[in-house]
Amino acid sequence: MSFHRTSTGPQGSRRYRTGRKTGAPGTFAALFLVAAALLLFAGVWTPAAVSQEERRSTAPGATQYREPGVEVAPGVSPELPPEVEPPEVGAGAWVLTDAESGEVLAGRDSGREVPMASTTKIMTALVALRNTDDLDEPVRVSPFAASFAIPEYSNAGLVEGDVLSVRELVLATLIVSGNDAATALAEHVGGGGGREGVERFVGMMNQEARRLGLSETHFANPTGLDERDHHSSARDLAEMTRVALEEPLFRETVATRYASVTVEGAAGERTVELANLNELLYVYPGATGVKTGTSPGAGPSLVASATDGEGESYTSVVLDAPDRYGATVAILDYGFAAYERVPLVREGELFERVEMPYRRDERVRLVAARDVAALVDADSEFTTRTSVVEDLPDSAQRGERLGEVVLLVDGERAGAAPLVAAEGYEEAGPLQRLGYNVSRLWN
């Protein structure tokens, strides 16, 4: 990894005098000697303060940006992860992404359109949650939804006339991949009416896919059953998951190993026990979800997420993977070994020393107001760019925002932090302003 710190932005203005004089030379000299004597007496200016080299103006209105040579704190030297080779993954397509940003870190054929089986239900749950105001609203299972509770399909054992809440249908859809629950959920959110309500809901799924920019995804049903024009890609499923995990109930449900729902049926109340089909939750430390899928067209598939609890979280997708759990473990292990989220800008780190208004030899230190962390690997290159407000205020308090530092990793913006005054300063007094203006005349 290499580190560079640069500064961008327009250069500060420079003011020059041509040497052309107006008025009587004696009068000018006399005025200058009087002003200099006053300043010397006040102790606010000495001839040494007037540099013969060209300097930027620091008068209000002049643009302030760091020049080469301004002292800054030493660059951060984080402990970097070792270089690790990506795994050999036995899958038709796969991808590893940063769960926070969605950045694709590794993969193969991650953009290829393929059947995705019950990983479809990630979008089913997302659309239902985003279009439901009351998660405890009761839903009655229709004959159409109950028709999916057959041994050939994964189901929650729902029967016609059962009543349960939207929340409970979401649990049954995601934990045991119930096609009956997913259909009941879709029909309800789609406005009811059996198959017609489900079709309306599928239209909502496709609308959401377009809104999220999932160009390789199209839905024909809410369950994931193989059907013409029902497909997605590994990277689209990863992005879909990143967005879905922002929903609290989705995030909580996909990480749940066991749950139960209470169903009001024709024969009275009964409890349905739910055990999560995602075996990764039982065996992989840090696993937080997400959804299994299997169908003749898609093969064994798995969308998974995991975190180390210290800032690193990854999403992996394997499609058509005979050993989907072994493949997923290899991908996630690679992510945790090859990448590290580290603070590359530190709170309190010094980035700028800028001249105070009307004080040519006094500078205010600008420091980062907070840490900025980014995900890096052994080959990452990062740099910082700083900018300072164009019109520095006449006075400032400690902690006042006066600029910004932007962190870039491999040329891409990874975050930013305000630059704030490390110490306050007061407005320049009349003699300081006079000394500043006289020094400009001397130059």
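Each residue, glycine too, has its Cβ placed from N, Cα and C.
The active site, proton acceptor annotation in TrEMBL covers Lys121. The annotation active site is assigned in TrEMBL to Ser177. TrEMBL lists Lys291 with the feature substrate binding site. Residues or ranges marked as compositional bias 'Polar residues' in TrEMBL: 1-11. Feature annotation from TrEMBL assigns domain 'Peptidase S11 D-Ala-D-Ala carboxypeptidase A C-terminal' to 339-427. Annotation comment: TrEMBL describes 1-20, 51-87 as region 'Disordered'.
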Next on the checklist: Mean pLDDT across the domain 'Peptidase S11 D-Ala-D-Ala carboxypeptidase A C-terminal' (339-427), rounded to an integer, is what?
Outcome noted: 91
Checklist outcome for this item: Here the Cα-Cα span from Lys291 (substrate binding site) to Ser177 (active site), rounded to a whole number of angstrom, reaches 8
Next on the checklist: So, three-state DSSP: helix, strand or coil for Lys291 (substrate binding site)?
Outcome noted: strand
Checklist entry - What is the separation, in Å, between the Cα atoms of the residue listed as 'active site' and Lys121 (active site, proton acceptor)? => result 8
Checklist entry - For the domain 'Peptidase S11 D-Ala-D-Ala carboxypeptidase A C-terminal' (339-427), what does DSSP give as the number of helix, strand and coil residues? => result 0 helix, 57 strand, 32 coil
Item to check | Cβ contacts of Lys121 (active site, proton acceptor) (under 8 Å, same chain, 6 or more positions away) | outcome: Thr173, Leu174, Ser177, Ala182, Pro222, Thr223, Gly224, Lys291
Checklist outcome for this item: Students should find that the Cβ of Ser177 (active site) has, within 10 Å, a number of other Cβ atoms equal to 27
